[in-house]
Every structure is written in C-alpha cells, then in structure tokens.
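These features come from TrEMBL:
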- 62-246: domain 'tRNA(Ile)-lysidine/2-thiocytidine synthase N-terminal' (DOMAIN)
- Gly65, Ala66, Ser67, Asp71, Ile97, Gly175, Asp180: ATP binding site (BINDING)
- 289-319: domain 'Cytoplasmic tRNA 2-thiolation protein 1 C-terminal' (DOMAIN)
Amino acid sequence: MEAKSKKAGGSRLCCLCNLRRPVLKRPKTLQQICRECFYEVFEEEIHQVIVQNRLFKSGERVAIGASGGKDSTVLAYVLSELNRRHNYGLDLFLLSIDEGITGYRDDSLETVKRNEVQYGLPLQIVSYKDLYGWTMDEIVKMIGLKNNCTFCGVFRRQALDRGAALLKVDKLVTGHNADDIAETVLLNILRGDIARLSRCTSITTGEDGPIPRCKPFKYTYEKEIVMYAYFKKLDYFSTECIYSPNAYRGFAREFIKDLERLRPRAILDIIKSGEDFRIATTTKMPEQGTCERCGYISSQKWCKACVLLEGLNRGLPKMGIGRPRGVNGDHRKETKKLASAAKSIESKQCGSLDF
C-alpha cells in the first residue's frame, strides 16, 4: 500500500504514524510528520517538561502572561488543554499588561479579551498609567526611540509581578520559547552580565520571591509554536511593537536565525551552553534585596523602575540609563542635575508604585 501511494502521489507518509501525508518537518528532529502527530508530540513534549521539572502542584493558582501574541495565546490554549487532560488541578488566569501603545497594545488586548471568552479564563489587565502614571506613548514622546525598550522592559517585568499579586496567584507562567532563551544567553554574553547569564536558562526563576515564574516553552521552537497556532486556527495578534524595530535584541535574533539555517539544533545547543555555565566561587555576585522605596526585588537600594520613574517625573529621562551626552557647560549642568536627583531618591516616597 505504501509503495502504491508513493508511486501514485510521489510523496512520503508521516514518519510516526505511517498513515497520513506529512505537513511539516520538525526543526529539532527533521522528522516529517502529519498534522495529527504534530499536535500529539507538541503537546506531549510540553507536558513532559511540566512533569519532569515539577512546575506546578495541584490546587495552585497560575497566571498566564497574555499579550495576545502567538506565544502567550498558544501557551494559554495548551495549558488549558493539558490541565483538563492530565488533571493538573490548576486554577488558570490571564494576566495582561497595557503599556499604553496606541495602534499596538490596544489592538492586541482586544485579542486577549476574545481569548478570555474562548478559553473560559478570567482576565486581569494592569496598565502602566495606573502603576507609574505614564504610558509608553508618553515616555517615547519624552525620550525618543533610542532607549524606550529599557523603560518598557523594566516596567513590564514589575507590572507582571504586581498584577500577579493582585490575582493572588502562586505561579506566573510566560510564553518565552527556546529562541527567546537562546537570544537572552547571547545578549548576556555580549553584555558581560554573568549574574543574569547564570540564571537566564532556569525554567523557574524567583523561587525565593513571592511569585515564581515558569517557562513551559523553554525547549519549544518558535517555528513550531507558529505552526501550531496556524493549524489550530488560534486567534492571536501578529503585529510587531511599533517601538521595537531598533531594539538591541533584534541583532541577536537575526544571528540565531542564521545559525538555525546552518544547524537546526543550534538553539538547543546555546541553551545547553547556558545551562552548563558556572561562576567561580571567588566571584562576587550582587546580593538580592528589596527596594527601599517600593519594596520590589532589587540588588541596589532602589530598583531600576524607581530610578527610571524618578528620572521621568523630574524631566531627566536619562537617569538610570547612562551618562548624558552634553557639551561643555550644558553637559556639566545636566550631570550635576542627574547627580542631585539621584541623591534625593533615598529620601522621597514612591507612592505611584505602592499598592
């Protein structure tokens, strides 16, 4: 029968079931498989990652970081399915952050609201405006396009934790995939940030904090997430952030894609290198503490969010990013203002970050 099929159609059959025609070649294994087998292996691999790493306990409340994009949408769908199929016993919630980006986040949040109905998961939306008094549109208007991702990244991470605290969840899961983690490993190497390099490949982080974060997609390729969303006809938002085209991470992303074309397993190899990274016992590492102003996790007296926010409120947006670029008297004047403002942070309350 197989020989007859090959002769008639000239095509192979799925290498797993040997019954149906393949629809894709898996980037990790190069197996040519059919749609049904792809669903099965995709979901089973994620289930095994969850079980082997003991990501959840029965009865836990778990927030899914939902942006409306492909990763978080597939994560919400798959985690809902696996929770029912394998009786994880989890209470799942969707948690979205509204950065205040007109023409991007407002549209993607509409997708998340539809996902709320489609998957039957309660949704909590937390906004930068409510937390910090600023939207990203307002921040970009003040600082321009050069360092906007620094503000957004710092604020977003804290906003997710604040939102998770509002939901009173035990865990926060994010849709970071294998490509994302490999990019982060490279970025930390390029920056010489050994503290982050030592923990960026951990599947669970923040275990010492109030709300640990998990990455069930740690070994899942972005290509397969896209194909899963496409075949399942999931409702997701695919437009790129209007402020991110010049982000530094984009260079690492392009490099990773080039490596993957030459060696499909390069992504997993980079993650493995990050996992095997060890820091000498004699190396002094920053000690984790809490911000004296807002109580958030920080290795300094004041967390990065508080420093950045203080700079915005004082009209000194370069505070906390780097040395300001001025000339002659203007440079010295700006430097003096930054130093004075930074010094005053210690004595000032951070009411906009308090709950």
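Just so you know, the numbers here start at 1 and follow the chain as drawn.
Glycine is no exception: its Cβ is also placed from the backbone N, Cα and C atoms.
Shown on the structure are the features that TrEMBL records.
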residue: Gly65; record: ATP binding site; contacts (Cβ under 8 Å, 6+ apart): Ser72, Leu95, Ser96, Ile97, Leu160, Leu172, Val173, Thr174, Gly175
residue: Ala66; record: ATP binding site; contacts (Cβ under 8 Å, 6+ apart): Ser72, Thr73, Ala76, Leu94, Leu95, Ser96, Val112, Asn115, Leu123
residue: Ser67; record: ATP binding site; contacts (Cβ under 8 Å, 6+ apart): Ser96, Ile97, Ser108, Val112, Gly175, Phe237
residue: Asp71; record: ATP binding site; contacts (Cβ under 8 Å, 6+ apart): Gly175, His176, Asn177, Phe217, Glu222, Ile225
residue: Asp180; record: ATP binding site; contacts (Cβ under 8 Å, 6+ apart): Glu222
Inset, instruction - Please state how far apart, in Å and to a whole number, the two most distant Cα atoms are among Gly65, Ala66, Ser67, Asp71, Ile97, Gly175, Asp180, the recorded ATP-binding residues. - result: 19
Inset, instruction - Report the DSSP secondary-structure composition of the domain 'Cytoplasmic tRNA 2-thiolation protein 1 C-terminal' (289-319) as helix, strand and coil residue counts. - result: 10 helix, 4 strand, 17 coil
